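What TrEMBL records for 110-226 is domain 'Palmitoyltransferase DHHC'. Here TrEMBL flags 281-313 as region 'Disordered'. The feature transmembrane segment is assigned by TrEMBL to 24-47, 59-81, 156-180, 192-213.
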């Protein structure tokens, strides 16, 4: 007896591809929005209150605010597209079990292993969780420009904060002077626009001034804004070389070689120049504070002393 069975063809269900979250889109749009916001309020300022003052013979206001706007816009755009000091990923030849210890002005540092970039990070180099990169002399991640602040663009960041403080103060003072000069005139569009510009200028001026003061103190003491678990011997900061030298190294010193090229090989085979120890203990004698002599030329690599670097062997 033949059994008749209903044969139902199996149709494979097509599921839509999962949407991959792209957090960089929102942060990039926010950075672009800040640039547009600067252009918008600056356009209102130059088109209404500043124009009225210039038409009435007060040319000193556009002469001062014009270069300040150009400097602020230049520093903002430059910081958006600048290289903070990215260190490219190394090779997987060495693992985290190898211990590297370096000496910086009689201060011992154990190089931390970065599991995402696969190399031992130099002193003051940290992995940014937002950008997923290791940045040399990492200070912080600035969401206003969607970029990290590190060794190669810290001077652009200080220039941006300083120019924003000066520009915001100039906008606020100009708008207040315009309102005082036009008290005898009826309320007009120029007065309304001057109030619209003066309110955010005053709101940004206070936090920007506090930020500028905080960064100035950090540079003077060679301290990083990024708080990490880093212990110095007896509370001594080996990166502090004096107020004048710290400002020179942070603002004026040459930046040294750039590591953005793919040909740069960061992971090297450890030679006799490095001290491999299982645990790091503070030296007990003054002679032990000095690093061992390094015969011959220094080994090339990302831990080599660089001109203008704030850490000296």
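Any Cβ shown, glycine's included, is placed from N, Cα and C.
Curation plays no part in TrEMBL annotations; they are all automatic predictions.
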*Is the number of Cβ-Cβ pairs under 8 Å between the transmembrane segment (192-213) and the transmembrane segment (59-81) three or more, considering only pairs separated by 6 or more positions?*
no
*Sort the residues of the domain 'Palmitoyltransferase DHHC' (110-226) into helix, strand and coil with DSSP and give the three counts.*
60 helix, 17 strand, 40 coil
_I'm checking region-level scores; what's the whole-number mean pLDDT for the domain 'Palmitoyltransferase DHHC' (110-226)?_
91
